[in-house]
Amino acid sequence: MRKLKYNTTRVILMIAFISLSACSSEDAMIEEEQVIPDPDPVAQTDEDTGPVVDCTNQGTNPTRDTDIPNPRNIGDIDDRSCYANYSESSILGKFWGIYNITDGSNHMDAPNTLQPRIERSLSRSQATGAGSYARFRGVLRILEVGDTGTFSSSGSYFMQAKGKHTGGGGSPDPAICLYRAHPVYGDDGNGNQVQVSFDIWREQINFRGGSGSAGRTEVFLKNVLKNEQIDIELEVGFRDDPNNPGQTLHYADAKIGGEEFNWNIPEPERGIESGIRYGAYRVKGGRAQFRWANTSYTKDEVN
């Protein structure tokens, strides 16, 4: 009888232990499944929100070719801004080259002459035969551009086609067309007007060496959102003229966010090379901030 009571007690204790373990495991699973959201998630950003000044001690580079070791952005740097030097960030799944310039920050050239810039120059295609080209690709984010309140002096360039020509006229290293971002303002939710998107314009020459209002024309291309990742492609080169056998066209074809914006350069017979620069250039009021990632470059030369 005593043995039966002992066995019965033992069975009851085992059942109780198993039930308690099962409940504990179920509670643990419920606790693991509970996800507590972050009440104040912080968005990834590499935007400069500090004060806008001409120069900083850290940004005052001694030479135009000041660069970081092994930059991820391709091309030879031309840094003519004492506000900030080229640097890089790692956000949004990419490594980004940071290009920040401010009004009045060109410490390399004579005062009140050339505009601030941090650009990268790519080796030029020096041939003019059909099939010669220079092609640049990258991903761009625009965070801020210069603004004076007047269209002609507002906006900042993020890319340009370059190329010398015969017969003289204009700069010794003339731009062919420049891609300019203009600010579009909207409410930030707190009653402040801030730059929320950007109109992209192509500033193109009317003739070789053209500059100023008489020598260039602005053509609206499209609008992009602030901080939007935009696939960019620019190809500058020579191709056969379908309407004039034996002659070639000099062209600058851009693709911005999947949309094509092709353009034939005036006086193609005078062109002798095709080149590209990108980064940040021109700010006549405030600050400009561009970010570049996944940059690549190819060229071909056909005589």
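Note that the numbers count up from 1, one per residue, in the order the chain is shown.
Glycine is no exception: its Cβ is also placed from the backbone N, Cα and C atoms.
As recorded in Swiss-Prot:
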ACT_SITE  Lys162  active site, proton acceptor
ACT_SITE  Tyr281  active site, proton donor/acceptor
BINDING   Gly59, Asn61, Asp79, Ser81, Ala84, Asn85  Ca(2+) binding site
BINDING   Tyr157, Ser211, Gly212, Ser213, Ala214, Gly215, Arg216, Tyr281, Arg282, Val283, Lys284  substrate binding site
DISULFID  Cys55-Cys82  disulfide bond
LIPID     Cys23  S-diacylglycerol cysteine
SIGNAL    1-22  signal peptide
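Feature map: annotations from Swiss-Prot on the structure.
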residue : record                       : Cβ within 10 Å
Gly59   : Ca(2+) binding site          : 23
Asn61   : Ca(2+) binding site          : 20
Asn85   : Ca(2+) binding site          : 19
Tyr157  : substrate binding site       : 26
Lys162  : active site, proton acceptor : 22
Gly212  : substrate binding site       : 7
Ala214  : substrate binding site       : 9
Arg216  : substrate binding site       : 17
Arg282  : substrate binding site       : 22
Lys284  : substrate binding site       : 18
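Within the set of recorded positions Cys55, Ser81, Asn85, the entry lying nearest in space to Gly212 (substrate binding site) is Ser81 (CA atoms). For the recorded positions Cys55, Ala84, Tyr157, Lys162, a Cα to Cα distance of within 10 angstroms from the residue listed as 'active site, proton donor/acceptor' holds for Tyr157. Within the set of recorded positions (Cys55, Ser81, Cys82, Ala84, Tyr281), the lowest number of other Cβ atoms found within 10 Å of a Cβ is recorded at Cys55.
Counting only the Cα atoms, the space from Gly59 (Ca(2+) binding site) to Cys82 (disulfide bond) is about 5 angstrom. Tyr157 (substrate binding site) sits 21 Å from Asn61 (Ca(2+) binding site), counting Cα to Cα.
Taking the Cβ of Asp79 (Ca(2+) binding site) as centre and 10 Å as the limit, one finds 25 other Cβ atoms among all the protein chains shown. Of all the recorded positions in the list Cys55, Lys162, Ala214, Lys284, the shortest Cα-Cα distance to Asp79 (Ca(2+) binding site) is found for Cys55. Each residue contributes its Cα atom, and for Ala214 (substrate binding site) and the residue listed as 'active site, proton acceptor' these two points are 19 Å apart.
Take the mean position of the Cβ atoms of Gly59, Asn61, Asp79, Ser81, Ala84, Asn85, the recorded Ca(2+) site; other residues of that chain with a Cβ within 8 Å of it are Thr60, Thr66, Cys82, Tyr83, Tyr86, Ser105, Ile118. In the three-state DSSP scheme, Lys162 (active site, proton acceptor) falls into the strand class. Using a 10 Å Cα-Cα cut-off from Arg282 (substrate binding site), none of the recorded positions among Cys55, Asn61, Cys82, Asn85, Lys162 qualify. Within 10 Å of Ala84 (Ca(2+) binding site), counting C-alpha to C-alpha distances, fall the following of the recorded positions Cys55, Lys162, Arg216, Lys284: Cys55. When Cα-Cα distances from Lys284 (substrate binding site) are compared across the recorded positions Asn61, Ser81, Cys82, Asn85, Lys162, the shortest belongs to Ser81.
Arg216 (substrate binding site) has Ser81 as its nearest neighbour among the recorded positions Cys55, Asn61, Ser81, Cys82, Asn85, going by CA to CA distance.
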